[in-house]
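Data block below; observations after.
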Amino acid sequence: MQPALTTAIPARKFKLTLLGPAFIAAIGYIDPGNFATNIQAGSTFGYQLLWVVVWANLMAMLVQTLSAKLGIVTGKNLAEHIRDRLPKPAVWAYWVQAEIIAMATDLAEFIGAAVGFKLLLGVTLLEGAGITAVVTWGILMLQSRGQKPLEFVVGGLLLFVAAAYIVELVFSRPHLPSLLEGALFPGLPNSDAVYLAAGVLGATVMPHVIYLHSALTQHTQDQGSVPQRLHTTRVDVAIAMTIAGFVNLAMMAMAAAAFHSSGNQQVAELESAYQTLTPLLGQAAATLFGLSLVASGISSTVVGTLAGQVVMQGFVRFTIPLWLRRAITMAPAFVVIAMGLNTTEILVLSQVVLSFGIALALIPLLILTGDRALMGEYRNHPVTQAVGRLIVALVIGLNAYLLVAMI
């Protein structure tokens with residue numbers, strides 16, 4: 001019996017070492033853009049749009065699972081596969097749009113963290129941006145020690161945001177029957193609700209983390225068989241995306257309980273949400289909101305920088321030091337802040353830019369993971385392909401609606 005026990009223990013540890021990449025990807029689903037969208041939806045419509053969060057999160061689970069599977073089975077990430085299959089001019093065009101999307105997303109995330117520091121410390125937005133730059137640089141330096149230290153830090157920040165919103169729910173005391181009804185039964189009260197529902201979904205499927213997740217799992221050939229790695233990855237995605245989904249649900253439920261129920265139905269900006277929370281739920285709740293915004297902004301801007309590195313290396317086989325990429329990508333944020341532009345409008349604009357890249361990441365992902373010649377026995381099941389096509393059509397349609405409505 002002893003030999004069997006001895007081999008079972010390392011096998012269990014082996015699987016545990018594969019957990020982590022999905023936690024990095026999940027950060028993209030709780031960035032400051034999600035904060036702004038969920039708070040606006042909850043304050044305006046109460047619990048009625050919670051079902052959108054539930055379905056959007058289920059879609060995101062499938063998308064991230066397919067991305068991780070592509071890296072595990074083929075040993076190449078999504079950007080590399082696109083590079084291998086398209087002519088050079090198309091590859092360069094793909095790279096440019098992916099970089100623009102990564103930078104636009106990073107802009108909103110960086111500004112979100114700066115807003116959090118401003119609210120918590122009473123500093124100017126420019127000073128908050130400076131603090132954000134120093135902290136994110138420090139976290140990115142962990143990459144020199146390998147992927148695991150970064151996974152621990154980013155995963156820890158994800159868990160902190162989740163814990164903060166558990167406490168926020170306790171403070172706000174949402175009406176449980178209304179919460180369950182909103183989460184389980186779809187409904188769109190009016191055209192404004194359709195617009196916000198499109199915004200919630202548009203802020204959920206993130207093209208930059210689709211590219212990134214396939215890269216985070218591509219170098220795991222020495223960590224077990226393909227079936228073992230796929231199984232562990234499904235668990236990894238399920239845990240990480242469930243946490244991210246809970247955070248989004250909690251954001252909207254807190255806004256519904258704290259703002260909508262008290263008659264504050266026009267809370268759309270992060271600063272006004274913080275200021276409104278103080279008299280309604282107390283300073284502790286407002287401080288937790290600020291801390292969770294900082295944790296979300298810092299972790300998501302780190303992930304955005306990593307995603308930018310992946311798309312550059314994958315599409316054009318070129319890399320630059322992470323500290324230099326961080327300096328380049330944060331420059332637009334400092335320009336926006338110095339110009340005094342509205343931060344919430346910048347968050348919304350980032351979602352518009354993001355919508356252009358969703359189809360360009362999802363469609364090749366679905367084609368590649370459904371390719372028998374490439375994936376062999378691990379190709380997508382026909383049902384998975386059908387669901388994937390439905391998700392692509394839905395995401396593209398709703399994001400097109402969102403884009404047209406904003407113009």
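Counting begins at 1 with the first residue displayed.
In case you wondered, yes, glycine gets a Cβ from its N, Cα and C as well.
Record features, source Swiss-Prot:
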type: TRANSMEM; residues: 16-36; note: transmembrane segment
type: TRANSMEM; residues: 43-63; note: transmembrane segment
type: TRANSMEM; residues: 95-115; note: transmembrane segment
type: TRANSMEM; residues: 119-139; note: transmembrane segment
type: TRANSMEM; residues: 152-172; note: transmembrane segment
type: TRANSMEM; residues: 193-213; note: transmembrane segment
type: TRANSMEM; residues: 239-259; note: transmembrane segment
type: TRANSMEM; residues: 288-308; note: transmembrane segment
type: TRANSMEM; residues: 318-338; note: transmembrane segment
type: TRANSMEM; residues: 346-366; note: transmembrane segment
type: TRANSMEM; residues: 387-407; note: transmembrane segment
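The transmembrane segment (239-259) is not in contact with the transmembrane segment (318-338), judged by fewer than 3 CB-CB distances under 8 Å for residue pairs 6 or more apart in sequence. When Cβ-Cβ distances below 8 Å are used as the criterion, the transmembrane segment (288-308) is approached by residues 24-25, 27-28, 30-32, 34-35, 99, 102-103, 105-106, 109-117, 119-120, 132, 135-136, 139-140, 143, 150, 153-154, 157-158, 160-161, 164-165, 167-168, 171, 208-209, 211-212, 270, 273-274, 277, 322, 325-326, 329-330 of the same chain, each at least six residues removed from its ends. Beyond the transmembrane segment (193-213), the same-chain residues lying 6 or more positions past its ends with a Cβ under 8 Å from any Cβ of the stretch are 21-22, 24-25, 27-29, 31, 33-34, 37-38, 40-41, 44-45, 48-49, 52-53, 56-57, 59-60, 63-64, 67-68, 71, 77-79, 98, 101-102, 105, 248, 303-304, 306-308, 310-311, 314, 351, 354-355, 357-358, 360-362, 365, 391, 394-395, 398-399, 401-402, 405.
Residues 29, 174-175, 178-179, 181-187, 189, 192-193, 196-197, 200-201, 204-205, 210, 237-238, 241-242, 244-245, 248-249, 252-253, 255-256, 259-261, 264-268, 273, 362, 365, 384, 387-388, 391, 394-395 of the same chain sit 6 or more residues outside the transmembrane segment (43-63) yet have a Cβ under 8 Å from a Cβ within it.
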